[in-house]
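So the structure is just underneath, and the comments pick up after that.
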Amino acid sequence: MHLSLHQNTPLGILCCVPLLSYFLLLTQLVVPIAIVTNQLTKVYISSYHHQMKNIGLFFLVVVATFVVAATAGSFYQDFEITWGGERAKIYENGNLLTLSLDRASGSGFRSKKEYLFGKIDMQLKLVPGNSAGTVTAYYLSSLGPTHDEIDFEFLGNLSGDPYTLHTNVFSQGKGNREQQFHLWFDPTKDFHTYSVQWNPASIIFSVDGTPIREFKNLETKGVPFPKSQPMRIYSSLWNAEDWATRGGLVKTDWSKAPFTAFYRNFNSQTSSSTGQSLDATGQAKIRWVQKNYMIYNYCTDIRRFPQGLPPECSIA
């Protein structure tokens, strides 16, 4: 850069020439610097947004994983072994539980918390082969002489003969409301889901999402209904050869011991809503199951109740 000055240029201006030259030089430098700085800023902001996006995605994945884990739970977290010692075992980081029965003892577990209304799901794979005389029980129950109880019980049988699924409902200490079914699959070959949906309006038993029984709240008709006693979940594998298979005619073959049942994928959904009974579709499914697979219904057992069937049996 070259400045041409006249010889008569005032002294004040001459004094300012170095400053002016510096200013012009600085101006020529600042403009490209600003351009470069602007580009660097854009790159930084873009990189920052990209990193924050990745952090956000990572955070969402972590949260989602936590939610799923909290929903699924584990046998370590949700249950405790109550009897049978080493015959009851938890495997696969709490995702699988087994109960075993031998001549000396059976085994069992229960939930750590109590439930008052909600939906309970458990997947079971039952004792294979000759399971005659054995009972795998899976149920909810409170304690005391006026306890409430909601039962699934699986009665073993000889190899090749079907299991009997036994259901019952106790309210205020009174049961005698048995319904029994054969299943439309072999419950020893794979895991199947057995569910209880319990609300103030009804109790619904389901197998693999298909309702098989509904016990409605008919308190207005004088029928007690479980509604005020919180219940724990229990399960056990035990010897009941005096009644379980063909009324006790077939005994347990201890040469086949130990007998083992498997549990996984426990899930609970608590609810304080008023609840509803089954809709028309659900009622149609129950009729299909009861027509094709029910083998005993207390509501049709006139011999057992010579003084008259329980009141809920005559109420549509």
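Quick reminder: no glycine exception, Cβ is built from N, Cα and C everywhere.
If you look up TrEMBL, you'll see GLU149 marked as active site, nucleophile. Long-range Cβ neighbours of GLU149 (active site, nucleophile) (same chain, at least 6 residues apart, Cβ-Cβ under 8 Å): TYR139, LEU140, SER141, SER142, ASN168, VAL169, PHE170, GLY175, PRO226, MET231.
The annotation active site, proton donor is assigned in TrEMBL to GLU153. Sequence-distant neighbours of GLU153 (active site, proton donor) (same chain, 6+ apart, CB under 8 A from its CB) are VAL135, THR136, ALA137, TYR138, TYR139, LEU165, HIS166, THR167, ASN168.
The domain 'GH16' annotation in TrEMBL covers 69-263.
The feature N-linked glycosylation site is assigned by TrEMBL to ASN157. Contacts of ASN157 (N-linked glycosylation site) defined by a Cβ separation under 8 A and a same-chain sequence distance of 6+ are given as SER131, ALA132, TYR163, THR164, THR245, VAL250, in order along the sequence.
For 12-35 (among others), the entry in TrEMBL reads transmembrane segment.
Sequence annotations record features per position, and here TrEMBL assigns transmembrane segment to 55-76 (among others).
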Local confidence of the prediction over the domain 'GH16' (69-263), expressed as mean pLDDT: 95
